[in-house]
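> Pulled these from TrEMBL:
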- Gly108, Thr109, Asn110, Gly111, Lys112, Thr113, Ser114: ATP binding site (BINDING)
- Arg380, Asp404, Asn405, Pro406, Arg407, Gly452, Glu456: meso-2,6-diaminopimelate binding site (BINDING)
- 23-70: domain 'Mur ligase N-terminal catalytic' (DOMAIN)
- 106-309: domain 'Mur ligase central' (DOMAIN)
- 331-454: domain 'Mur ligase C-terminal' (DOMAIN)
- Lys217: N6-carboxylysine (MOD_RES)
- 404-407: motif 'Meso-diaminopimelate recognition motif' (MOTIF)
Amino acid sequence: MSFSIKKLLVGAESAQEFMDLDIEGITSDSRHVTKGDAFFALPGEKVHGNEFVKDVVRLGAVAIVTDRGLDYNPGVPIYLVNDVRAAFARAARRVNEPQPAYPVAVTGTNGKTSVVSFLRQIWIDNHLNAASVGTLGIATKDKHIEGELTTPGPMQLHQELRKLKNEGVDHIALEASSHGLDQRRLDGMKFRVVGFTNLSRDHLDYHETMEAYHDAKLRLFRELLTEGGTCVINMDDDEAMPFMMAGLERGGTVLTVGENGAYFEVFSVEPEGYSQRVKGRLVGEDVEFLLPMAGKFQVSNALVAFAMAVATGVDKDDALESLSKLEGAKGRLEKVAEHKGGAAYVDYSHTPDALKTALESLRPFVTGKLIAVFGCGGDRDKGKRGPMGKIAVEYADVAILTDDNPRTEDPQAIRDEVMKAAPECKDVPDRRKAIEMGLEMMGEGDVLLVAGKGHEDYQIIGTEKHDFSDHEVILKAIG
């Protein structure tokens with residue numbers, strides 16, 4: 001099957017008039033070029049795709065799409081566009097038709113994985129063929145495929161979406177990460193419904209400033225939400241207002257949820273066993289439901305998913321009923337086991353705000369001690385380390401510092417940075433021993449939180465991944 005490159009580049013801003021050409025396919029990876037392809041030369045972290053033009057022409061590329069001119073004639077047509085990443089994303093969609101009819105996306109620092117999981121579950125509970133795409137991979141009613149990126153690259157994303165469409169899946173919930181939004185990975189899509197969870201410090205190793213991070217998240221509302229679409233906002237977050245205003249500027253409907261919500265106003269959240277009884281008002285009607293998981297932040301996530309489900313056509317009463325059947329996303333304040341009259345949880349919290357939220361969320365379920373095992377990743381935002389130590393000490397009764405994914409940094413040096421800010425922490429370099437220490441300390445009414453890695457089944461030391469699962473360590477230790 002061949003494609004018109006002129007049609008694939010519709011919407012791409014350029015100073016030139018595009019010459020039409022039939023091509024066999026597209027790629028942005030010089031290693032995957034085959035005869036008849038158009039090569040999209042994307043800017044990389046270290047090297048621009050233009051560096052590979054001679055190689056791809058030799059392999060059979062018949063066109064180059066780039067945002068930078070070349071100082072030589074490669075022997076094939078060059079298509080110069082203002083934003084080659086966005087052009088590639090749109091082209092990736094067009095060569096992978098058909099796509100699911102009802103894609104929605106959620107952004108925020110924390111909670112994205114839970115929201116897309118909850119939304120998929122609500123859809124399926126209401127007899128819709130649905131899937132979620134994000135940090136945990138691709139999940140449908142019948143299968144789960146592991147993934148490595150929160151927001152996959154455009155070609156991989158649209159290839160997977162085409163497969164899902166061919167399997168009858170039309171409702172898709174996507175996580176929109178700041179990296180994915182900044183790198184235009186979702187620019188081949190327009191969303192009729194988008195959601196916002198919260199915003200706090202993260203990924204400053206990539207974005208450098210909070211303003212740039214904030215603006216990347218806002219792209220979902222400002223540019224990828226359809227005119228007149230619906231946005232769902234967790235109004236209990238301090239950064240909610242700019243996202244709400246961006247949605248209103250698109251001329252759409254805004255559904256706000258939370259204690260400050262107008263669509264669903266939360267009155268109270270009370271622990272009930274390891275579940276939570278939520279009472280509130282839904283568009284003027286008093287309602288309540290039992291959310292079968294811990295964590296007040298999970299109430300916020302569940303309500304964002306609920307409102308997004310209603311915005312996509314699910315009856316509000318049916319969606320409300322589905323909330324009591326939800327299962328937590330793997331590694332998101334997940335109760336792994338009960339032990340010695342208490343409970344052990346794992347959570348993906350790897351930012352100061354997420355760690356604080358997780359500890360605050362578990363406190364109502366503690367009648368004894370709250371024990372935290374945590375660490376900080378290497379080769380990532382170093383500014384998070386001191387604050388995470390201080391939060392662990394302030395919000396837990398016992399804080400055990402250990403290694404997370406040290407990557408290429410010296411793990412002792414990482415822990416030293418944390419200990420400097422929070423000397424009250426117990427410094428235990430071996431993560432397995434740190435978890436075992438936490439379990440050994442537990443007694444009646446205690447809660448253990450093992451934070452930082454959540455669903456991950458590996459630990460990155462140097463540049464290699466080693467098998468390691470917080471879940472498995474806990475279960476093996478308690479026998």
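Using the three backbone atoms N, Cα and C, a Cβ is placed for every residue, glycine included.
Just so it is clear, the model here is predicted, and its values are computed rather than measured.
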> Could you say which of the recorded positions Lys112, Lys217, Arg380, Arg407 has its Cβ with the most other Cβ atoms inside 10 Å?
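Answer by Cβ density within 10 Å: Lys112.
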> Would you list the DSSP helix, strand and coil counts for the residues of the domain 'Mur ligase C-terminal' (331-454)?
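So the domain 'Mur ligase C-terminal' (331-454) is made up of 50 helix, 29 strand, 45 coil.
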> What are the DSSP helix/strand/coil residue counts across the domain 'Mur ligase N-terminal catalytic' (23-70)?
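Within the domain 'Mur ligase N-terminal catalytic' (23-70) the tally stands at 14 helix, 15 strand, 19 coil.
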> Considering the binding-site residues Asp404, Glu456, which residue's Cβ sits among the greatest number of other Cβ atoms within 10 Å?
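Its Cβ has the most other Cβ atoms within 10 Å: Asp404.
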> Would you list, in sequence order, the binding-site residues among Gly108, Thr109, Asn110, Gly111 whose CA lies within 10 Å of the CA of Pro406 (meso-2,6-diaminopimelate binding site)?
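If one measures from the Cα of Pro406 (meso-2,6-diaminopimelate binding site), no binding-site residues come within 10 Å, so the answer is none.
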> Roughly how many Å lie between the Cα atoms of Arg407 (meso-2,6-diaminopimelate binding site) and Asn110 (ATP binding site), rounded to a whole value?
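About 22 Å separate the Cα atoms of these two residues.
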> Restricting to the record's meso-2,6-diaminopimelate-binding residues (Arg380, Asp404, Asn405, Pro406, Arg407, Gly452, Glu456), give me the longest CA-CA distance in Å as a whole number.
17
> Taking the recorded ATP site as Gly108, Thr109, Asn110, Gly111, Lys112, Thr113, Ser114, identify the other residues of that chain whose CB atom sits within 8 Å of the mean position of the site's CB atoms, giving them in sequence order.
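Output for this site, in sequence order: Val106, Val115, Glu175, Thr197, Asn198, Asn301.
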> Cα distance, Lys217 (N6-carboxylysine) to Gly108 (ATP binding site), nearest Å?
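About 7 Å separate the Cα atoms of these two residues.
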> DSSP on Thr113 (ATP binding site), three-state: which is it?
helix
> Which whole-number value in Å describes the distance between the Cα atoms of Gly111 (ATP binding site) and the residue listed as 'N6-carboxylysine'?
14
> Taking the mean position of the Cβ atoms of Arg380, Asp404, Asn405, Pro406, Arg407, Gly452, Glu456 as the meso-2,6-diaminopimelate site, which residues outside that list, in the same chain, have a Cβ no more than 8 Å away, listed in sequence order?
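Filtered neighbour residues, in order: His350, Gly375, Cys376, Gly377, Gly378, Asp403, Lys453, Gln459, Ile460.
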> What does DSSP assign Glu456 (meso-2,6-diaminopimelate binding site), in three states?
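In the DSSP reduction, Glu456 (meso-2,6-diaminopimelate binding site) maps to coil.
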